[in-house]
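A.B. asks: Annotation comment: TrEMBL describes 14, 15, 74, 278, 350, 357, 358 as N(1)-(5-phospho-beta-D-ribosyl)glycinamide binding site. As annotated by TrEMBL, ATP binding site applies to 106, 147, 152, 153, 154, 155, 156, 157, 187, 188, 189, 190, 195. Positions annotated as Mg(2+) binding site by TrEMBL: 259, 271. Residues annotated as domain 'ATP-grasp' in TrEMBL: 111-300.
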Ligand SMILES: Nc1ncnc2c1ncn2[C@@H]1O[C@H](COP(=O)(O)OP(=O)(O)OP(=O)(O)O)[C@@H](O)[C@H]1O
Ligand SMILES: NCC(=O)N[C@@H]1O[C@H](COP(=O)([O-])[O-])[C@@H](O)[C@H]1O
Ligand SMILES: [Mg+2]
């Protein structure tokens, strides 16, 4: 059978799973890779490879075996030096090997955004010892947020109220950092009114924006998101301007999730993902083309009709609370019976659970985002994980 493209997906979680579905609808063949078997995206892909993507040799072997038209990173923890090498040899890394390298390291993307591009960010310092953490906190003031430079979904992150809390925060960051760099960023805590993800699509013809997505985070991890987020025209324009600057600098084609904190009309850049964003799962019901469809189209150079619109919708996460193998689910009928709008579910099919692991999301569309948030939250709460 002839395929429109072969895609090697590096990371096979819930975001990858939806991307596989979008890409396959456009005729692509997708091979999903992750460090464990039966990952969510593998269950719907054409092929799978199980290896650690931090292992450069294994990564190269998978690329040489499948000779993909597109290498599509789905997680941050990848041996990105190998992606740079493969790109030099002519492979197409989405959106670009440089984008994956810079965004995997908080210090590198911060240096680019705040330093070279002059975007507004929180005050920050990097630190490699407890002494440097103390000096960093003196620069930022309290409260501050301490995060490993390499981590995602809030891992190793803490908010520190006073000097007495710095040592515990440093220890927590070191214990939960990914990779081998004992380095953290100490950031001024921004007491924002709200925070958003601005999904930004870089196509061969230019840059497009989705309506802003509001979200609420706990422990540095997303709990619920909604779209469109109410935002002043001045704040939207400022966010779009900053997002355009970063994605144009990073280059390539694809969808990016650009995160901002908003205080009145003041917009502060936080970080970005050069790939679909977890808070963007709401677009599965809010937009006619989801963030996964948009990523697939942008990568494959296919047209995207503008403007991209969203009907009021929300997502709410379904989290595990303990370790277990072979989880099962109940309460689906009750969840889908929540009234006030249209409710849907995505259960990711992850083979095991652990405390706080995201196992699914409830999605809802309604007359307004407040109602959508309420019913998505109610539906998520009705799904029960059976730990066996
Ligand atoms: N300086 C800050 N001031 C206030 N809140 C912050 C700050 N930094 C992070 N947060 C909160 O923690 C959340 C997670 O932070 P951040 O996005 O930097 O972490 P992450 O681990 O990269 O998460 P993800 O991979 O899910 O995007 C933010 O969305 C925000 O709610
Ligand atoms: N904030 C990044 C994010 O949401 N990434 C998503 O979570 C998966 C890992 O989940 P797991 O830790 O449960 O395996 C990733 O593969 C990706 O889909
Ligand atoms: Mg983030």
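Every residue gets a Cβ built from N, Cα and C, even glycine.
Automatic, uncurated: that is what TrEMBL annotation is.
Could you give the neighbours, burial and distances for every feature on this list?
C.D. replies: Under the DSSP three-state reduction, residue 278 (N(1)-(5-phospho-beta-D-ribosyl)glycinamide binding site) is assigned to helix. Its Cβ placed at the centre, residue 278 (N(1)-(5-phospho-beta-D-ribosyl)glycinamide binding site) has 22 other Cβ atoms within 10 Å.
Note on residue 195 (ATP binding site): other Cβ atoms within 10 Å of its Cβ, all shown chains, come to 21.
When Cβ atoms from all protein chains are considered, those within 10 Å of residue 271 (Mg(2+) binding site) total 18, not counting its own. In the three-state DSSP scheme, residue 271 (Mg(2+) binding site) is classed as strand.
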A.B. asks: How many whole Å apart are the CA atoms of residue 14 (N(1)-(5-phospho-beta-D-ribosyl)glycinamide binding site) and residue 152 (ATP binding site)?
C.D. replies: 15
A.B. asks: For residue 154 (ATP binding site), list the number of other Cβ atoms lying within 10 Å of its Cβ atom.
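C.D. replies: Result for residue 154 (ATP binding site): 16 neighbouring Cβ atoms inside 10 Å.
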A.B. asks: Can you list which of these binding-site residues (106, 154, 156, 195, 271) have a Cβ closer than 6 Å to ligand 2?
C.D. replies: none
A.B. asks: Quick test of your reading of the structure: among the binding-site residues 156, 259, 271, 350, 357, whose CB sits under 6 A from ligand 3?
C.D. replies: 259, 271
A.B. asks: Pick out which of the binding-site residues 106, 350, 357, 358 has the most other Cβ atoms within 10 Å of its own Cβ.
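C.D. replies: Selected residue: 106.
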A.B. asks: Do any of 15, 74, 259 (binding-site residues) have a CA within 10 A of residue 154 (ATP binding site), and if so which?
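C.D. replies: The binding-site residues passing the 10 Å Cα test: none.
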A.B. asks: So which binding-site residues out of 15, 74, 106, 152, 156, 187 are up against ligand 1, CB under 6 A?
C.D. replies: 152, 187
